[in-house]
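Here is what TrEMBL records for this protein:
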type   : residues : note
DOMAIN : 333-429  : domain 'PFU'
DOMAIN : 458-699  : domain 'PUL'
REPEAT : 16-46    : repeat 'WD'
REPEAT : 62-108   : repeat 'WD'
REPEAT : 186-218  : repeat 'WD'
REPEAT : 226-257  : repeat 'WD'
Amino acid sequence: MDMEIDFKNYQLSHELRGHEDDVRGICVCGNAGIATSSRDKTVRYWVPDPTDKRKYESSKILLGHSSFVGPLAWIPPNPDFVEGAIVSGGMDTMVFVWNLSNGEKVLSLKGHHLQVTGLVLDDEDIVSCSVDCTLRRWRKGQLVENWEAHKSAIQAIIKLTSGELVTGSTDTTLKLWKGRTCLHTFAGHSDTVRGLAEMHGLGILSASHDGSIRLWSLTGEVLMEMVGHASIVYSVDSHVSGLIVSGSEDCSAKIWKDGACVQSIEHPGCVWDVKFLENGDIVTACSDGALSRKRVGGLKLEDLPGLEALQIPGTTDGQTKVIREGDNGVAYAWDLREQKWDKIGEVVDGPEDGMKLPVLDGFEYDYVFDVDIGDGEPIRKLPYNRSDNPYDTADKWLLKENLPLTYRQQIVEFILQNSGQGGVALDSSFRDPYTGANAYIPGGSSSMSVVSAKPTFKHIPKKGMLVFDVAQFDGILKKITEFHNSLLSDPVKKDLSLSELEISRLGAVIKILKDTSHYHTSRFADADIALLLKLLKSWPLAMIFPVIDILRMLVLHPDGATVLLKHVEDENDILMEMIKRNSLYHTWLQKHQSEILDAFSSCYSSPNKNLQLSYATMILNYAVLLIEKKDLQGQSQVLTAALEIAEGENIEVDSKFRALVAVGSLMLDAASKTEVNVGLCGGKNQKLQAHERDQRLGN
């Protein structure tokens, strides 16, 4: 018997354009308007167009967050807020209250230690949840109570009409709260619970990373499960008519009735949030971007790299790169034979700028995907061209981002799904470097022909160095302040503490490093570098790691690297504890290679996984550098160090992999592949043995 559904398809009626990055959150403010939050660090308030009530126009832009903004809540008009107010939470750990009468920030609620992920109003209180696993209750601007509600990050919170609160967490559960008492824990999802909504008269809706939406009774029984999305479901909402809407990483919003999907609305990007209006219309928040600031040829001028990007060699003949020069964008092409960038000319605006390809680090790609790798972690950019092998792209990206290679298949499937190649098989000449087999492609044929082809090596020789280019700057500054206070309270070490001016200067340095979009124009003073080196020399060894963190990010900044180099030339012994990547330091790194490798030689056997990975990355980067410099004696020492890692016990697989890439790169190098004979021996630890390397490489 066919089920008849009285339903009319939704159609796009209006676009709200103004945000300059992903729109992350939506708050329906009764019939007065709509508030939206974005990765562009703003909240925007939209009101109905007086000439056409079906459309909305921008009314206010609320500026104050220092990182992307997520959850929102609406305070209806009252004696304190005549036109109502908006509550916002962000990656910066802050909760702000904004007066809609004038757009001013009236309250700053500071207390969470990590990203704020949810907000609700509970009578006159504001309740916030966070990746720090806590719920915090705020009353008239003051924290009145807080408690650990889950053992893992809390991702969502709602208030039921009956008064209880419901939370969803990375621990895969929902919890029902009466005050601070947990009345019930709902278990059933197999991954993070990301979104929540109340289904009036029935129960609670949950959206999960496992790709499903569930309807729960208040007693914990699963009343309905809706499956249809091809990826993470970020948000869900319901309407009094019985309709349900969900938003997903698969770039769609789906409409559900009686458990069946009755419409799928495709979007140009990830759908972060969905909300019903009272009249049944739907508002969606998307990652397709919005209006940009100044553009050249359809590219954001502020996102283009400066001239320092031309110091990085191209990889293929004719490869193009767009560089910012003043207020213009200039295109360059790589001349493979001459090994230099040739200037093509200035990029100008044209009538089809909207069709321009996305740009990352000055290069154009068919796609630049946003990848959310973890709760509270920064969003990573994944570039991809349709002509590329997605397995190659995944491997290179995982190495660059210092992520486990176990994510490989997941990344490949993500690329294929989001580039419209879900049913496309790769060229059969692709051979896995470990098994020699063709690649498995989801949706592809299960039969694979055996191709007799000359073996190719995916990972070797390694070109270009790996960097650790992510830092939790707020945590770094907090740790330095903590150490400063500790020194200040110690009568013996009080003289090592910082002055107010020095604390302010460190804050300014971190502010510059956080603002990556202005790396081409921002500058550091000599006094900034002198202060960091002073701390490196004078502070106790156990306290210098946040200073080293600042310095490792500083060398990735064009001006920071230049200014630091002047100090390195005079005081290079200070920096012997750090690994540097910028090409300005290559000569210095080669000169001090033996000292650096000896200083860190014990790191590979450390039980600290991060230390193991850092050491293995340094060895791999040294292999790349010394191959480029044709330094055979240096290659010998690096080869020995790489083999020690490969042979070591209790070494993480990612660290061993990088060591093996270093060994393979050294073997394939024209200057060393005829000199080194490395045998791969089977056995419990799959050990590598190097034959005659000491005699042949002069060690």
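Note that Cβ sites are derived from N, Cα and C of the backbone, with glycine treated the same way.
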Same-chain residues at least 6 beyond the ends of the repeat 'WD' (186-218) with a Cβ under 8 Å from one of its Cβ atoms are 155-158, 160-161, 166-170, 172-176, 224-227, 229-238, 240, 244, 246-248, 256, 375
Taking every residue in the repeat 'WD' (186-218), what is their average pLDDT? 93
How many helix, strand and coil residues does the repeat 'WD' (226-257) contain under DSSP? 0 helix, 19 strand, 13 coil
Secondary structure content, the repeat 'WD' (186-218) (per DSSP, counts of residues): 0 helix, 20 strand, 13 coil
